[in-house]
Amino acid sequence: MSPRAVVIGPPGAGKTTVGELLAERLGVSFRDVDADIVELAGKSISDIFTQDGEPEFRRIEAEAVAHALDEHDGVLALGGGAVLADATRKLLAEHTVVFLNVGMAEGVRRTGLSTARPLLAGVNPRSTFKALLDARLPLYREVATVEIDTDKQEPPGLVDEIVAALEGN
Ligand SMILES: Nc1ncnc2c1ncn2[C@@H]1O[C@H](COP(=O)(O)OP(=O)(O)OP(=O)(O)O)[C@@H](O)[C@H]1O
Ligand SMILES: O=C(O)C1=C[C@@H](O)[C@@H](O)[C@H](O)C1
Ligand SMILES: [Mg+2]
């Protein structure tokens, strides 16, 4: 079993919003690994980061991604930092991966000051977001089947673009 599409990208790229719509359009179910992790750990992502640390979060995340890639045949959204794990990038090489990209200004606007995103909760979200993009862009691109720029289009239009890109693949 393999997901119809795995959705990756930075926080605020729209993985959850666009992923849900894409699943609806394809007539399949949607699953979000961030939600799997919360269920597995029995606490919020912020609590995992503060109580157990980022390395422990990444360990749980890599395991949860491997399970979900194996089990889910619909649309699967990964957490923004899932591609940091070498093992996860290796697994993704076998899958159809949609990279939703977002620029710094729009990414910061969309994520706002939400405490649900512990990595962006610091004093300067703009520079944090930029550092995160600089470090991760090559990793997203390494595993992406298609890359979609989300800055200037609403989710329904993005779904049209993704479906067209996947059909042409
Ligand atoms: N293309 C878009 N245009 C405008 N707003 C958008 C777009 N995509 C998502 N949003 C809005 O941006 C916010 C973040 O979207 P969403 O939660 O889907 O991102 P995400 O990639 O799942 O983030 P995270 O990595 O934190 O889970 C939401 O309020 C959503 O409505
Ligand atoms: O960008 C990241 O590293 C993260 C994004 C979220 O999806 C969550 O997986 C968590 O907050 C970490
Ligand atoms: Mg999300």
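Backbone N, Cα and C define each Cβ position, glycine as well.
TrEMBL: automatically predicted annotations, no manual curation.
Keep in mind the model is a prediction, meaning the values are calculated, not measured.
What TrEMBL records for the substrate site is Arg58, Gly80, Arg136, and among Asp34, Asp160 the residue it adds there is Asp34. When Cα-Cα distances from Gly14 (ATP binding site) are compared across the binding-site residues Asp34, Arg58, Gly80, Arg136, the shortest belongs to Gly80. Here the candidates are the binding-site residues Asp34, Arg58, Arg136, and by Cα distance the one nearest Gln153 (ATP binding site) turns out to be Arg136. Among the record's substrate binders, Asp34, Arg58, Gly80, Arg136, no two C-alpha atoms are more than 18 Å apart, and one pair sits at exactly that spread. There are 16 other CB atoms within 10 A of the CB of Arg58 (substrate binding site), with all protein chains counted. Looking only at Cα atoms, Gly12 (ATP binding site) sits nearest to Gly80 among the binding-site residues Asp34, Arg58, Gly80, Arg136.
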